[in-house]
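S.K.: From TrEMBL, here are the annotated features:
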- 27-152: domain 'DOMON' (DOMAIN)
- 193-216: region 'Disordered' (REGION)
- 200-216: compositional bias 'Gly residues' (COMPBIAS)
- 227-247: transmembrane segment (TRANSMEM)
- 259-277: transmembrane segment (TRANSMEM)
- 297-316: transmembrane segment (TRANSMEM)
- 328-350: transmembrane segment (TRANSMEM)
- 362-385: transmembrane segment (TRANSMEM)
Amino acid sequence: MALGFVPGAGLVNGDPQSFCPNDSSGPCYRIAVPTSSANAGSGNIYFQIKAPTTYSWVALGTGSRMSGSNIFVVYQDGNGNVTVSPRLGTGNTQPQWDQSSTAAQLTLLAGSGVEGNTMTANVACANCQSWNGGSMSLKGTSVPWIAAWRSGSSLATTNKGASISQHGSRDHTSVNIDMTSATVSSDSNPFLTAASTDGSGTGTGTGTGSGSGSGTGITLAQSDKSAATILAAHGIIAALVMAVLYPLGSLLMPLLGKWWVHGAWQVIAFALMWAAFGLGVQSAKDRGILFSQTHTILGTVVIAFFGIQPALGYYHHLQYVKTQSRGAVSYVHIWLGRILMLLGVINGGLGLQLSQERNSLVVAYSVVAGIIYACYIFAKAFTVLGRKNRTVAHKEANILNSRRPYQESRRPGGGRY
């Protein structure tokens, strides 16, 4: 998804710094630090969160990632105003309302509310230089901030602990802000007289919050670009393995009768599977959803059981060489593989749903997986019918055929690998 990233051009003792991850059509954020607070290292800072009312909630946070961040969530209160909720990012669950003694002391200022199709929160924070889990310098030249948003219906509540839906994989960004460029002379609401939210810097980009701009003081965090790349790589490799490589590899044995071709193919798929899993774990950590979503939990279970498949397959091979027939381990290996492949494809769909991918990608994934598995079922049915016909034709064949090297469908009455 192409994103524009529009930073403001605030100067020292000038205007607040601003950025709009989706150009001016989506959420926009502005940050200002009074000179007195910057010099003291503590005191009021000001921020503005503005977004169309088509968004369920919009958030801004201090820190480089969700886990351990001081997060400020804004949503409509249902009475023409907005609710601003101080929360702490825990990493694996939605950020919870911070009611501790160190919670952000937030004050909703003049200019806040819902007007037309726009909701605005002008906020003063008296102690945002530190929180339970971190701190930031009010004079730092590269201070990390994060932002996230979720489109949807209004929450319409004044409850600061209201439950919020998880944002999509593309609905967040992280930036580094030169706080010295965000200083303002007066310790008062700077958003009643400051320049336009859009700022004077412009820029475009691609990926999850991967825009850039020419404005002073705000740069896109490199980690945000990496997170988008990691997520994309995880999705592509995992889909290739579960929807294409594993089912095709399973067909090689009955179709070709060459165990080493089947084994080599599946080893390649196995290695790629672990690569996809590693990328998925990192992506889940970046987004704070590791082991907290069905996709990540089911994916881990599927990968864990796939991990024992090579050992089961090798034991099956040794047993077949010795007995020229399948044993209990053989059926465990075969049916476990089939079940895991199906669960893997289903989990891929859950991953697309979790990342809120566009419908065209979901359709493409479903079509490719459907075709591959239809071919898989047809090929399996073909080999079973062929085997039955050969069994009938050779039911009175000499038993000496059983001493021939094992080969798919050659031995009368069975001998399946």
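Glycine too: its Cβ is placed from the backbone N, Cα and C atoms.
Where the annotation comes from TrEMBL, it is an automatic prediction and has not been curated.
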S.K.: Would you mind listing the long-range same-chain contacts of the transmembrane segment (362-385), meaning Cβ under 8 Å and 6+ residues beyond its ends?
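M.R.: For the transmembrane segment (362-385), the sequence-distant neighbours (Cβ-Cβ under 8 Å, at least 6 residues beyond its ends) are 239, 242-244, 247-248, 250-251, 254-255, 342, 345, 348-349, 352-353, 408-409.
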S.K.: How about long-range neighbours of the transmembrane segment (259-277): same chain, 6 or more residues beyond its ends, C-beta under 8 Å?
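M.R.: Distant Cβ neighbours of the transmembrane segment (259-277) are 233-234, 237-238, 240-242, 245-246, 248-250, 252-253, 299-300, 303, 306, 309-310, 313, 317, 417.
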S.K.: Tell me the residue counts in helix, strand and coil for the domain 'DOMON' (27-152), as DSSP assigns them.
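M.R.: The domain 'DOMON' (27-152) comes out at 6 helix, 66 strand, 54 coil.
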S.K.: Pop the mean pLDDT for the domain 'DOMON' (27-152) in here, whole number is fine.
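M.R.: That region's mean pLDDT is 93.
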